[in-house]
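Taken from Swiss-Prot as is:
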- 16-36: transmembrane segment (TRANSMEM)
- 61-81: transmembrane segment (TRANSMEM)
- 104-124: transmembrane segment (TRANSMEM)
- 132-152: transmembrane segment (TRANSMEM)
- 161-181: transmembrane segment (TRANSMEM)
- 190-210: transmembrane segment (TRANSMEM)
- 242-262: transmembrane segment (TRANSMEM)
- 286-306: transmembrane segment (TRANSMEM)
- 341-361: transmembrane segment (TRANSMEM)
- 374-394: transmembrane segment (TRANSMEM)
Amino acid sequence: MKLLYIFEKNIILRKILITFSLIIIFLLGRYVPIPGVLISAYKGQDNNFATLYSTVTGGNLSQVGVFSLGIGPMMTTMILLRLFTIGKYSSGVSQKVQQFRQNVVMLVIAIIQGLAIAISFQYHNGFSLTKLLLATMILVTGAYIISWIGNLNAEYGFGGMTILVVVGMLVGQFNNIPLIFELFQDGYQLAIILFLLWTLVAMYLMITFERSEYRIPVMRTSIHNRLVDDAYMPIKVNASGGMAFMYVYTLLMFPQYIIILLRSIFPTNPDITSYNDYFSLSSIQGVVIYMILMLVLSVAFTFVNIDPTKISEAMRESGDFIPNYRPGKETQSYLSKICYLFGTFSGFFMAFLGGVPLLFALGNDNLRTVSSMTGIFMMITGMSFMILDEFQVIRIRKQYTSVFENEEN
């Protein structure tokens with residue numbers, strides 16, 4: 001009874017235990033085999049980017065399992081829905097309708113991705129349409145289960161869907177340790193050392209920019225003491241965080257799923273395969289597009305996380321204002337310029353730090369997996385701060401009690 005009382009009263013302990021339990025379920029599901037499919041017989045294993053993408057989105061293609069799709073379908077759905085609702089307000093749409101739309105789009109995306117992966121499986125006693133459809137259905141179901149686990153964690157635990165992605169990426173990087181040692185022994189000592197040093201520098205800069213902020217002076221009408229001169233609006237230098245990396249991989253990988261399906265339908269058409277170079281990190285075109293997308297998404301996520309429109313409206317309603325800028329459109333325009341400035345800055349530095357190793361490894365299949373390490377660990381660093389910030393908010397909130405709370409409790 002005492003343990004149950006502690007579990008009920010200690011919100012931090014309760015959230016940690018719930019998150020830990022959900023992570024265990026998530027990790028176990030990654031290794032639950034699909035009936036009729038040969039484990040570790042994914043015919044697309046030579047596609048290092050597909051395996052990397054599955055790791056980034058919490059999936060696992062290095063060993064075929066129920067959760068091989070990860071949260072990829074949900075991420076693609078979020079991108080598509082956001083693209084089609086740019087400039088539109090969804091406040092008039094009920095939560096139920098929004099959820100229905102999201103589930104329908106996610107189902108279509110999951111079926112496309114599931115079919116593309118299931119086609120690349122090797123099956124016991126040969127291929128059949130029944131086995132293909134069964135494997136696809138299981139993969140789609142697994143994607144929805146992961147989405148459900150992430151939503152449970154967001155409501156009752158720490159980190160939401162983010163912590164599942166971080167855990168999946170860490171497990172994937174641990175699996176790459178033997179490859180690093182093997183390359184080190186095969187004469188790639190200098191390249192490995194340079195990659196590791198570059199990754200450490202990138203992580204240090206990521207931490208520095210993540211904790212740096214630009215302070216905009218704000219006149220608070222509700223403050224009538226000496227603190228009025230110290231009031232400011234903090235704008236993070238890297239407001240996009242590490243999310244841009246994950247969504248870049250999503251945008252690059254989804255067209256590859258389409259190409260896989262088209263290639264299976266039209267196996268004699270060589271033009272279909274040629275389009276793959278534009279979305280693969282093993283080609284110069286793919287790396288350049290990767291860096292461009294990184295810049296664009298960094299700016300986009302900066303606007304999403306800061307939202308100048310909402311901030312300017314909230315300031316106008318409260319009576320607060322930025323010196324030398326009129327409330328409303330003028331304030332919104334000023335904040336938008338700040339977002340463009342820092343979004344472009346963070347986009348350039350992340351594209352440069354994540355793209356240079358990929359350019360260096362072009363033409364060398366042995367170094368391709370190691371070269372992606374920089375972007376992965378920058379992503380882990382950015383997402384870890386998101387989780388730590390959530391933990392900090394709960395810890396601070398726990399220090400304050402309700403005015404009406406009985407002192408004996």
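We count from 1, first residue shown onward.
Positions of Cβ are set from backbone N, Cα and C atoms, glycine also.
Most Cβ pairs within less than 8 Å of the transmembrane segment (190-210), among stretches 16-36, 242-262, 341-361, belong to 341-361. Here the transmembrane segment (16-36) has Cβ contacts under 8 Å with residues 7, 58-60, 63-68, 121, 123-124, 131, 134-135, 138-139, 142, 145-146, 149, 152-153, 156-159, 163-164, 167-168, 171 of the same chain, all six or more residues outside its ends. Among residues of the same chain six or more beyond the transmembrane segment (242-262), those with a C-beta under 8 A of the stretch's C-beta atoms are 44, 47, 49-50, 52-53, 56-57, 72, 75-76, 79, 109, 112-113, 115-117, 119-120, 165, 206, 269, 272-273, 275-276, 278-281, 286, 289-290, 293-294, 297-298, 301, 347, 350, 354, 375-376, 378-383, 386.
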